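Here is what TrEMBL says about this protein:
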TRANSMEM  12-37  transmembrane segment
TRANSMEM  58-74  transmembrane segment
TRANSMEM  94-112  transmembrane segment
TRANSMEM  124-143  transmembrane segment
TRANSMEM  149-169  transmembrane segment
C-alpha cells in the first residue's frame with residue numbers, strides 16, 4: 001500500500017481519538033445492560049430498536065472487517081479511489097463492531113429473561129429485517145461471479161446507515177407516547193454522543209493530513225453514522241432532560257406516570273431512574 005501518513009503527530013492523534021471513541025461507544029452499551037439488570041425489567045426499552053440495532057451492527061461489522069483485513073478488497077478500494085488514498089477503516093472500527101454485536105446480542109438475551117410487560121417486536125420491524133437480509137443475500141449472489149466484493153461491502157455499509165436512521169425512531173416515538181424516558185438509559189445516549197463526535201473528529205484529522213476529503217465520501221457510511229448519531233442523541237437528551245424530566249419521590253426514586261397503559265401494568269411499582 002503506497003498511502004501513508006504525512007505527519008507522525010496527526011497519525012498519533014488519529015489513533016488516540018479513534019480509541020477514545022471506541023471506549024465511549026463501547027461503554028455506551030453498558031448503562032442499558034446494567035439498568036435492565038437492576039430493574040429485572042426491559043419495560044421502556046423498545047424491542048424494535050434492539051432488533052434493528054443488531055442488523056445495523058452486524059452489517060457494519062461485515063463492512064469494517066472485510067475492508068480492514070482483506071488485501072483483495074483493499075486493492076479494489078485503491079483501484080477506485082487511487083493508490084495514495086488511505087483505507088478509511090481503522091482497527092478501533094473493527095473492535096467496536098465486534099463489541100457492539102456481542103453487547104446487542106446480550107441485551108436481546110435480557111429481553112427473554114426479564115419482565116417485558118406487553119411489549120413485543122412489531123410486524124413492521126420483522127418485515128424490515130427480513131427484506132434487508134434477503135436483499136443482502138441477493139447482492140451476495142450478484143457479486144460472487146465477478147468478485148465485486150467492494151461493491152458488496154458498500155451495500156452492507158449502506159444497510160448500516162439506513163438502519164442507524166430507522167432504529168432510533170421506534171424508541172423516540174415510544175418516549176413521546178409514554179411522555180417518559182424511564183427504562184431507556186440516558187448514560188447510553190451521552191456516551192453514544194461522545195463517540196459520534198470523536199468519530200467525526202478522527203476522520204477530520206485524516207483529511208487534514210492527506211489534504212483531501214476522500215475519506216469522508218470514500219467511507220460515506222462512517223460519515224453519515226456520526227451525523228445521524230449526533231442528531232438522534234441530541235433529540236433523546238432533549239426528551240430526557242427537557243420534555244419528560246424524571247419526577248422523584250422523597251427517596252430519590254423515579255415516579256412513573258404512564259400515559260400508555262399496555263407498556264406497564266397498574267400493579268407495577270415505581271422503578272429506579274436511568275443509569
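Quick reminder: no glycine exception, Cβ is built from N, Cα and C everywhere.
Note that the structure is predicted; figures quoted are calculated from it, not measured.
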Region pair the transmembrane segment (149-169) / the transmembrane segment (12-37), three or more CB pairs under 8 Å: no
Cβ-Cβ under 8 Å with the transmembrane segment (12-37): same-chain residues at least 6 beyond its ends: 5, 45, 90-93, 95-96, 99-100, 103-104, 106-107, 110, 114, 183-192, 194-196, 198-199, 201-202, 205-206, 209, 272, 274-275
